[in-house]
Amino acid sequence: MITLKSAREIEAMDRAGDFLAGIHIGLRQIIKPGVDMWEVEEYVRRRCKEDNVLPLQIGVDGQLMDYPYATCCGLNDEVAHAFPRHYILKEGDLLKVDMVLSEPLDKAVVDVAALDFDNVAEMKKWTESYTGGLADSCWAYAVGTPSDEVKRLMDVTKEAMYRGIEQAVVGNRIGDIGAAVQQYAESHGYGVVRDLVGHGVGPTMHEEPMVPNYGTAGRGLRLKEGMVLTVEPMINTGTWEIDTDMKTGWAHKTLDGGLSCQYEHQFVITKDGPVILTSQAKKELIRMSIKKFLDKVISKWQYEPIQAFMRHFQSAEMDLSAIAVAYYLILTAFPLIVIAANIFPYLNIDISDLLRLMKEQLPKDIYRSASSIVVNIFSKPSGGVLGIATLTGLWTMSRSLASLQKAFNKAYDASEHRDFLLGHLVGLLTSLLILFLLTFALIFSTFSKAAIQVLDRHYHLNDNITTLFLFLIQPITILIIFIGLMLLYFLLPNIKIKKIRYILPGTFFTTFVMIFLSNMVGNYVVHNVERMVDIKTFGSVMVFIIMLWFIFLARILIMGAVFNATYQELSIGKLEGRSGNVVSLIKKTLGNDGAPPKK
């Protein structure tokens, strides 16, 4: 009888197909030269017991005996239904592994681990009565490096299977499938087995219609949406005729001793075409193991934290927000360079040691250009340029922080943004504060070693004090950055941050990633400076690194806000916004009518 499958039945078969595809993927690591073929059967049995899956081939009716194994393992000239056995696989062997498995089952229904797979009569009771989702698939494996003959046979057989599946569309006929398989295989000089065919699947393992691997296009049963079928061409290098082992009534071999190959997929016919349910391509171990891992994590966290994080992450519009922030950060870099270049001359710094160090470390071409630039920077100030650069830097930095503020507000899903005046005021004040902290951190980390050396020459510092100070340079720098980020995450969002701990997750995350990336970029530049043979190459690489750094920096800062927003929401529930504009602040201060409050 032909049955059209419901959505629930197809979902159950898809789950079974998921598991079966994972089994075939796992066999890739097992089937190798020197391995006992019986390990294939043992692997499938072990996986079935671990995941509570019924091996449905055990107990299938046969001419002389019921089938006793979980797998069929056909070697070289064996076409189908050969028993797994003790045989040491050799380089060049061709092994076909066929199996039919249930979906993973609830142990309340059956505890597969407690079943004795060797007790065929007992297993038959379970496999015959099973009516849930099942999957049927055969795959061919080359043992070691295949010969040209084996590889060609495998490639043609697999392609013939897919060509047959492509014809399984609503309105076509069974003959269209067989004709496509037969024409492709025979065009390469191979024989197509006629005695064994594909079939319908579910609720039993084999049901109507039969799906031959040969035939005439336009003939046979018309295909309908909801049919679940298998296409499983068995292709021989010689004649299509086969012989059956009459000791068991199961194993089939090629009549002329030639090689035989088989691939089989189970699929459902939909209005949009066939959908393969046993596909290894879409159900690699990523889908099997990672999904299982995520299910455990989500179950442990009861979904809420992950859902909250994803909600804030999507609200932040990371890509667009990061581009806007990075754009203004890049613009800020140029006035900062000009500011630095015009501040140094006022410091009366002796640059002889610096020039000597540059000469020792830099290639000659870079040193010639860089040394003249350094001399100009440290000797020729320009007050007018310094003022313009300072104003420009403050403006671009405030614009960058304004863009960052919008991104933070999106991450917090803040409904009201500060108005233009208040937004720029907060941006400007925050800019000054952050610039001061970052500049101090930069100067401290850059010149602290030189400063301690100068102090040591003049005052002969204690060695322990010197060692301690040098040890504290990086921790102090990290602490300054940490404080700056805390202020950033506290001041910028238009959300009431009621406790400092609500901004700690993002602050810790951003500090760690910034330090890690800074060290990584610094190490790259140090180790590759010798390869930068000229000033153009050096400049191009540095510009590229700076641009990449700003993009990463923007994404890191926004991600920190996402962590903070998630943590605060999980801690206190609904987030409360700050006052959105200057007028509301004035009214709140003076009273609702705008007049000073009465005493």
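The backbone N, Cα and C atoms fix where each Cβ goes, glycine too.
Per TrEMBL, the feature substrate binding site maps to His81, His206. Residues or ranges marked as divalent metal cation 1 binding site in TrEMBL: Asp98, Asp136, Glu264. Look at TrEMBL and you will find Asp136, His199, Glu232, Glu264 tagged as divalent metal cation 2 binding site. Under the heading domain 'Peptidase M24', TrEMBL lists 11-99, 130-271. Here TrEMBL flags 325-349, 420-445, 465-490, 502-521, 541-565 as transmembrane segment.
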List the helix, strand and coil residue totals of the domain 'Peptidase M24' (130-271) as derived from DSSP.
33 helix, 44 strand, 65 coil
Could you check which of these binding-site residues, His81, His206, Glu264, sit within 10 Å of Glu232 (divalent metal cation 2 binding site), going Cα to Cα?
Glu264
Can you tell me which parts of the same chain pack against the transmembrane segment (502-521), counting only residues 6+ beyond its ends and a CB-CB cutoff under 8 A?
478, 481-482, 485-486, 489-490, 545, 549, 552-553, 556-557, 559-564, 566-568, 571
Look at each of the binding-site residues, Asp136, Glu264, and point out the one with the fewest other Cβ atoms around it within 10 Å.
Glu264
Near His81 (substrate binding site) in space, meaning Cα within 10 angstroms, which of the binding-site residues do we find among Asp136, His199, Glu264?
none
So which of the binding-site residues is most packed in, judged by how many other Cβ atoms lie within 10 Å of its Cβ, out of Asp98, Glu232?
Glu232
Divalent metal cation 1 site, defined by Asp98, Asp136, Glu264: further same-chain residues with Cβ within 8 Å of the Cβ centre:
Met99, Val100, Ser137, Cys138, Thr230, Glu232, Gln262, Gln266
Tally of residues which DSSP labels helix, strand or coil - the domain 'Peptidase M24' (11-99):
31 helix, 16 strand, 42 coil
Taking the centroid of the Cβ atoms of Asp136, His199, Glu232, Glu264 as the divalent metal cation 2 site, which other residues of that chain lie with their Cβ within 8 Å of it, listed in sequence order?
Asp98, Ser137, Cys138, Gly198, Val201, Thr230, Val231, His265, Gln266
If you average pLDDT over the domain 'Peptidase M24' (11-99), what do you get?
94
Looking at the binding-site residues His199, His206, which one has the fewest other Cβ atoms within 10 Å of its own Cβ?
His206
Quick one: pull the CA-CA distance for Asp136 (divalent metal cation 1 binding site) versus His206 (substrate binding site), whole Å only.
10
His199 (divalent metal cation 2 binding site): nearby binding-site residues from Asp98, His206, Glu264, Cα cut-off 10 Å:
His206
